[in-house]
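I have placed the structure first, in the form of structure tokens, so that the comments after it can refer back to it.
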Amino acid sequence: MAAPPAQPQFMTSIDRRTHPDESRIDNIEYDQIVVPDNKSWKNLFAYVGPGFLVCIAYIDPGNFQTDLQAGAQYKYGLLWIILLASCAALIIQSLAANLGVVTGKHLAEHCRKEYPRVPNFILWFLAEIAIVACDIPEVIGTAFALNMLFNIPLWCGVLITGLSTLVLLLLQQYGVRKLEIFIAFLVLTIAGCFFAELGYAKPNSSEVLEGLFVPQLKGSGATKLAISLLGAMVMPHNLFLHSALVLSRKIPRSVSGIKEACRFYMIESGFALLVAFFINVSVISVSGAVCNSPNLNSKELESCENLDLNEASFLLKNVLGSWSSKLFAIALLASGQSSTITGTYAGQYVMQGFLDLRLKPWIRNFLTRCLAIVPSLIVAIIGGASGAGNLIIIASMILSFELPFALIPLLKFTSCKTKMGLYANSFSIAATTWIISFLIMGINIYYLAEKLVTSLRHSKLSIAGIVFCGLLGILAMVVYLASIAYLVIRKNQEGSHLIALSDRQEENVTLPRQDIANMQLPQTRTTDQSLN
């Protein structure tokens with residue numbers, strides 16, 4: 001079998017199709033996962049994969065950091081954010097998967113086709129900032145892990161992370177499935193440790209249930225952490241990633257085939273997000289129970305007051321003893337590296353979709369990692385572990401503020417019958433997702449307004465300086481709201497190709513797409529091993 005031609009490091013993907021329904025690929029020389037054209041629950045196994053890759057972002061170092069601080073400072077009071085974010089994530093990620101399955105294009109490609117050049121460029125720029133903001137917790141988390149394992153100074157660990165993921169990207173060529181299983185094993189190991197620690201910490205079940213189902217925000221500090229939790233749970237780049245990952249499956253292009261694909265992708269995503277939900281709840285519960293216990297010594301009290309990834313291992317001492325810091329560091333390292341790999345490919349899809357350009361994965365990773373290392377290195381040198389931990393919170397907040405610029409286009413596209421046809425969002429789904437979106441935006445605006453007023457009230461600036469800064473802050477909020485309003489109000493201009501609109505079998509439309517498959521993590525499967 002002839003090997004596919006080598007790709008240049010920088011290229012433009014050219015679409016020479018003469019018919020809008022013509023497939024980009026219709027050969028079997030590329031590794032494919034083929035879904036049988038029959039109704040069977042066994043087909044679910046053919047769809048397993050994208051949801052778990054996306055799920056990695058829900059248990060990355062950014063999540064651990066925000067979970068730990070939420071539990072230490074507010075006990076179980078912010079658990080409802082995790083429940084809300086997990087439910088919202090299931091709906092939103094399912095919509096992202098549906099968009100790719102039904103239309104054969106991922107979210108970034110739809111944005112390029114839909115919006116004029118300037119708005120499209122701005123959306124691309126914001127998506128790139130979101131990917132860098134997502135990479136910052138991975139950089140700092142990896143640096144913390146190296147510090148716990150080898151006593152490497154934090155700032156040196158930040159520099160080392162510039163090469164660590166490139167090594168993993170190289171190793172994956174020799175068996176990415178084994179690498180993924182190993183990483184998943186380490187992450188699930190630390191999850192099991194937190195579950196076991198729940199038995200020792202014995203959190204009050206009624207307080208935990210109250211925290212899950214009774215919304216409360218006590219002060220600006222709680223609002224800040226709530227925004228961070230939302231940003232760490234529902235990440236903008238995950239929407240681009242999920243809508244592209246589903247294009248790796250070759251599904252039957254029929255009404256029943258597409259409906260089955262949408263249903264099984266939702267089941268797979270639901271299971272993966274349920275695992276992530278329990279992990280996040282356990283981390284907050286353990287942190288809340290241990291740090292609010294009356295039996296803490298002075299050293300443990302100090303650790304809880306400044307709880308970050310570097311100090312969190314003491315929470316597991318009842319389960320692991322002296323090994324707690326080492327195993328926590330290994331799992332943290334695995335979590336950070338696996339999240340960064342998926343972030344690299346999300347960046348590939350974003351660049352290919354918005355700009356019709358692609359880079360080699362190692363070049364893409366190098367550029368993103370350099371942008372993430374600069375602020376991480378500065379903060380690590382100046383602020384140390386505490387400053388690095390705060391930077392993770394800030395990065396998560398940036399993700400929350402940027403979420404509407406990926407979420408609103410997704411909701412508009414998946415609710416549009418000219419794009420989705422028979423598979424457009426129902427009224428209940430559309431109403432639910434818009435309520436979730438406006439809730440997230442409302443929390444963001446509330447925090448910005450409260451922070452602006454508080455900062456100006458306690459500032460030592462002159463009256464003129466306070467007025468000037470106040471006007472700048474108000475102008476920034478107006479621009480933010482106007483940008484969101486533009487996305488909400490603007491009517492969709494571009495339709496989709498007819499695979500979404502027809503109820504007949506489309507023989508000339510096949511997935512996966514070659515350009516997406518070539519950016520995927522390498523597959524160890526061959527066509528002879530495809531599901532029958």
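Glycine too: its Cβ is placed from the backbone N, Cα and C atoms.
Lifted from TrEMBL, the feature list:
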- 44-59: transmembrane segment (TRANSMEM)
- 79-101: transmembrane segment (TRANSMEM)
- 121-146: transmembrane segment (TRANSMEM)
- 152-171: transmembrane segment (TRANSMEM)
- 183-201: transmembrane segment (TRANSMEM)
- 221-248: transmembrane segment (TRANSMEM)
- 269-290: transmembrane segment (TRANSMEM)
- 327-346: transmembrane segment (TRANSMEM)
- 366-385: transmembrane segment (TRANSMEM)
- 391-411: transmembrane segment (TRANSMEM)
- 423-449: transmembrane segment (TRANSMEM)
- 461-489: transmembrane segment (TRANSMEM)
Would the transmembrane segment (269-290) count as touching the transmembrane segment (79-101), if touching means at least three Cβ pairs under 8 Å and pairs must be 6 or more apart in sequence?
yes
Count, for each of 79-101, 121-146, 221-248, 366-385, 391-411, the Cβ pairs lying under 8 Å from the transmembrane segment (44-59), and report the range with the highest count.
221-248
By Cβ distance under 8 Å, which residues at least 6 away from the ends of the transmembrane segment (391-411) in the same chain are close to it?
61-62, 65-66, 69, 92, 95-96, 99, 107, 110-111, 114, 123, 126-127, 129-130, 133-134, 136-137, 140-141, 224-225, 227-232, 234-237, 239-240, 243, 308-309, 375-376, 379, 383, 425, 430, 433-434, 437, 440-441, 443-444, 480, 483-484, 487-488
